[in-house]
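Notes follow once the structure below has been shown.
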Amino acid sequence: MSLKGGTAAPAPMAPPRKWYDMTSAEFYVYVVAFMCGISIMMPINAVFSAPSYMLEYYLYATKDPFLVPKMTNFWTNVMTYYNLISMVTSLVVEPLTLLKSFRKIPMLVRLLGGLSVLIIEIIVLMVVPARGTTEAGAVATMCIAGFIGGLGTSIFESTVYGMFGAFPPSFTSIMMGGVGISGVLTSLIQIIVKAALPDTYEGVKKQSYIYYSLDVGIQAATFIALIMMRFNSFAQLHFGDLGGVKSKVDAGSLAGAGENVREPGAEATELEQYTEPAIGQIQEKNAEAHKDDPLAERELSEEESGDSRAVEAAGEAPTSNEILRATSVFSVLRSVKWMFVACGFNFLITLFLFPGIATGMFPESKWFATVAVFIFNCCDVLGRFSSAFRITWPRRYNQRWIIVAASFARVIFVPLLLLHSYHYIPSEAYGYVMQVVFGLSSGYIASMALVLGPQSKGIDNDGKRFVAGTLMGISILVGGTIGTVLSIMTQTIRETY
């Protein structure tokens with residue numbers, strides 16, 4: 001397996017900027033990246049954190065605590081069905097976000113629109129029980145909420161991954177850390193609430209309201225933080241089209257597009273020695289390097305050429321959205337294919353085994369599943385944050401195969417956790433230890449693939465980095481959907497035989 005490409009490797013990355021060298025604008029973007037990571041997973045984490053409420057949602061929707069359900073198969077597997085509906089919807093919708101017509105939509109509109117849809121998902125789950133309905137209505141509510149969640153996630157997730165893919169890699173690491181923290185936060189609250197409130201009809205209802213209110217509050221805070229991003233100078237330098245009509249990203253004249261960014265015309269600092277080349281400088285360097293190379297890819301698609309000529313004819317620097325529309329999706333996919341595969345297979349294994357198989361072997365235990373999920377989430381977030389430290393990166397570009405190999409090596413967890421699930425290894429302690437290794441490996445590989453994908457050979461401008469980030473998000477959905485389907489099949493066979 002070779003990770004070599006036909007284009008030159010990207011310029012060496014700048015060392016991470018020290019915290020005391022950050023501007024307030026740069027720090028704010030880190031905070032927003034972290035909040036976006038939390039918001040991506042908060043709805044599904046809030047839903048999964050109240051399993052008793054979801055498994056007996058028909059009782060609360062019908063306002064009848066003694067109702068005997070008719071659709072027992074659906075309610076027994078409601079969490080899996082909900083997740084599957086959400087992921088299949090995302091899998092269908094997210095690739096559509098790469099269409100040229102969708103890429104014309106302003107970045108801020110996409111972010112706020114996707115976030116608003118995620119808020120609606122939780123509101124639907126809370127409003128229906130307040131108004132009351134039938135069991136069939138409760139089933140329909142679950143399906144509709146799952147669809148709404150998948151729609152919102154596909155729009156918001158693809159835009160967030162894409163946008164921060166155009167920033168230095170440390171921002172993607174922080175964003176991925178936020179995704180992991182979301183799970184830790186909800187698991188921690190689940191433990192506290194579970195210990196404080198009884199598992200009665202009213203107690204479970206209060207638990208669900210706490211989780212859902214927390215979710216809506218975090219989403220609302222992220223919504224406001226994203227609106228303020230349009231006035232952030234650091235954000236506009238890296239990705240100008242955040243709502244301001246006049247904000248332009250010059251593809252060739254940015255004074256530093258790496259970890260150290262300064263305003264055009266500002267005096268250079270001693271940190272300048274670490275700064276990566278600007279986008280235009282990278283393009284000029286690549287063009288010079290390949291001018292005599294007959295194998296170098298020079299051709300643009302007809303669509304790309306048309307957009308490029310239109311931008312040049314306008315006589316002004318292209319905006320990020322204009323660069324984005326002029327980007328070939330398939331050429332970017334060729335550049336990130338190995339990180340795409342590593343990321344997708346990693347989530348296939350994770351969602352095949354977690355949470356159903358990895359935590360469902362002791363259904364009579366009140367705490368095993370709760371504690372196991374908490375351990376997994378904590379270790380997952382540690383793995384995700386590890387990509388913020390360069391010591392955990394492959395030392396050279398041609399050593400990226402290590403990430404791919406590590407992703408495929410996680411297949412070893414399949415027999416180890418299946419044997420535990422079938423009680424051939426009947427030990428709760430074994431389950432906790434496995435969650436540590438399983439969580440660390442899942443978080444590390446996911447984060448490294450998402451960070452390294454947009455840093456691949458041939459990814460040398462904002463548009464390509466955005467598309468690369470979006471493709472990595474799609475790889476999560478592809479792997480996750482396949483893993484979820486395999487999980488349903490495995491558990492169905494287990495119940496039958």
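Cβ atoms here come from the backbone N, Cα and C positions, even for glycine.
What Swiss-Prot says about this one:
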- 286-299: compositional bias 'Basic and acidic residues' (COMPBIAS)
- 286-316: region 'Disordered' (REGION)
- 1-26: topological domain 'Cytoplasmic' (TOPO_DOM)
- 48-77: topological domain 'Extracellular' (TOPO_DOM)
- 99-107: topological domain 'Cytoplasmic' (TOPO_DOM)
- 129-135: topological domain 'Extracellular' (TOPO_DOM)
- 157-172: topological domain 'Cytoplasmic' (TOPO_DOM)
- 194-208: topological domain 'Extracellular' (TOPO_DOM)
- 230-337: topological domain 'Cytoplasmic' (TOPO_DOM)
- 383-400: topological domain 'Cytoplasmic' (TOPO_DOM)
- 422-432: topological domain 'Extracellular' (TOPO_DOM)
- 454-465: topological domain 'Cytoplasmic' (TOPO_DOM)
- 487-497: topological domain 'Extracellular' (TOPO_DOM)
- 27-47: transmembrane segment (TRANSMEM)
- 78-98: transmembrane segment (TRANSMEM)
- 108-128: transmembrane segment (TRANSMEM)
- 136-156: transmembrane segment (TRANSMEM)
- 173-193: transmembrane segment (TRANSMEM)
- 209-229: transmembrane segment (TRANSMEM)
- 338-358: transmembrane segment (TRANSMEM)
- 362-382: transmembrane segment (TRANSMEM)
- 401-421: transmembrane segment (TRANSMEM)
- 433-453: transmembrane segment (TRANSMEM)
- 466-486: transmembrane segment (TRANSMEM)
Per Cβ pairs under 8 Å, the stretch of 78-98, 173-193, 338-358, 466-486 packing most closely against the transmembrane segment (209-229): 173-193
Recorded stretches the transmembrane segment (338-358) and the transmembrane segment (108-128) touching, at least 3 CB pairs under 8 Å: no
Residues from the same chain, set at least six apart from the ends of the transmembrane segment (78-98), whose C-beta lies under 8 A from its own: 44, 47-48, 51, 54-55, 57, 110, 142-143, 145-147, 149-151, 153-155, 157-159, 329, 356, 467, 470-471, 473-474, 477-478, 480-481, 484-485, 487-488, 491
Contact set, same chain, for the topological domain 'Extracellular' (487-497): CB under 8 Å, 6 or more residues outside the stretch: 77, 80, 84, 351-353, 356-357, 418, 421-422
Number of helical, extended and coil residues in the topological domain 'Cytoplasmic' (383-400), per DSSP: 12 helix, 0 strand, 6 coil
Spatial neighbours of the transmembrane segment (401-421) far in sequence, C-beta under 8 Å, 6+ residues away: 1, 3, 338-339, 341-343, 345-346, 349-350, 352-353, 357-358, 360-361, 394, 427, 430-431, 434, 437-438, 441-442, 444-445, 448-449, 452, 490, 494
Cβ pairs under 8 Å between the transmembrane segment (362-382) and the transmembrane segment (466-486), at least three: no
Beyond the flanks of the topological domain 'Extracellular' (48-77) by at least 6 residues, Cβ under 8 Å: 128-129, 132-139, 141-142, 186-187, 189-190, 199, 201, 204-205, 207-208, 211-212, 355, 488, 491
For the topological domain 'Cytoplasmic' (1-26), mean pLDDT (0 to 100): 59
